[in-house]
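Right, one structure below, let's go through it.
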Amino acid sequence: MRTIALLLAYDGTDFAGSQWQTDIRTVQGALESAWEALTQERRRIVLAGRTDAGVHATGQVAHVQTTTRHNLQTIWRGLNAHLPVDLAIQNVGEAVPDFHARFSAIQREYRYLIDCAAAPLPQLRHQVLHYAGTLDVAAMTAALKLLEGTHDFAAFTTATPAQRSTVRTMYWTRVGDYEWFERRLLAIEVAANAFLQHMVRMIVGTLLLVGRGRMTVDQFGEVLASRDRRLAGPTAPAHGLTLTAVRYPPGLIRWVEPSKRQNGTTKVEQPSSYVHEE
């Protein structure tokens with residue numbers, strides 16, 4: 001039995017989330033169908049993180065246990081040949097036998113994009129939240145920094161069963177410029193050991209109150225300390241959010257070299273968001 005790791009990118013617009021659901025189009029469902037078409041095996045493919053309907057990914061990771069004898073390049077090309085246009089394998093790797101895409105992960109990173117221009121750019125309508133106004137980026141940065149470290153994030157998640165911990169460790173945060181289609185956007189980026197359901201979108205929705213002057217930095221900190229969801233802002237729309245990276249301890253995965261991608265003729269440098277071992 002082999003354990004194969006997959007690096008995924010997808011446009012979440014037309015997926016009902018990443019996790020498999022009966023008779024509903026999901027990322028996991030599309031992957032498992034493509035795997036069966038390629039290998040004639042029915043296997044459960046496990047994703048590192050669950051993304052909601054409309055949320056995108058450029059650095060999602062999955063694993064599958066298999067007896068296929070296909071080499072990694074054949075798996076890569078074959079899966080992409082069977083996958084829909086809004087889901088693609090970016091890299092494949094041979095993982096250690098006990099590797100688990102979810103439980104072996106030590107860090108996950110998300111980016112939320114906001115366009116503050118007077119008029120929206122139609123090409124970005126599925127990946128960027130349009131907000132026609134001025135935001136106080138300095139205040140948003142200061143508020144977001146309050147989340148760094150280990151905290152109880154109960155105020156920034158939906159109702160959670162009492163037995164589940166809402167404590168998470170936020171490793172770093174950033175609010176800054178991001179250019180796309182020659183458009184200057186505002187990016188909110190966060191990295192943590194794990195995230196709660198809707199956590200990033202609730203943080204962004206509350207940060208927007210700070211940016212608009214409807215909540216102070218101190219009040220944002222009070223929301224965190226309160227553990228009360230009712231004090232936080234609205235949940236930001238899903239389409240502005242992208243899972244950009246999942247990171248693992250070194251030595252768990254041997255990824256295919258970028259120079260061996262697909263046709264093997266052009267060396268492609270691997271973007272930093274695709275480096276999944278530290």
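Glycine is no exception: its Cβ is also placed from the backbone N, Cα and C atoms.
As the structure is a computational prediction, the values presented were derived from the model and not from experiment.
Listed in Swiss-Prot:
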{"type": "ACT_SITE", "residues": "Asp52", "note": "active site, nucleophile"}
{"type": "BINDING", "residues": "Tyr110", "note": "substrate binding site"}
{"type": "COMPBIAS", "residues": "261-278", "note": "compositional bias 'Polar residues'"}
{"type": "REGION", "residues": "259-278", "note": "region 'Disordered'"}
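In this view, the residue listed as 'active site, nucleophile' is surrounded by 17 other Cβ atoms within 10 Å of its Cβ, with every protein chain counted. Asp52 (active site, nucleophile) sits 13 Å from Tyr110 (substrate binding site), taking the CA atoms of both as reference points. Less than 8 angstroms from the CB of the residue listed as 'substrate binding site' sit Glu189, Val190, Ala191, Phe195, Val200, Leu241, Thr242, Leu243, Thr244, each of them six or more residues away in the same chain.
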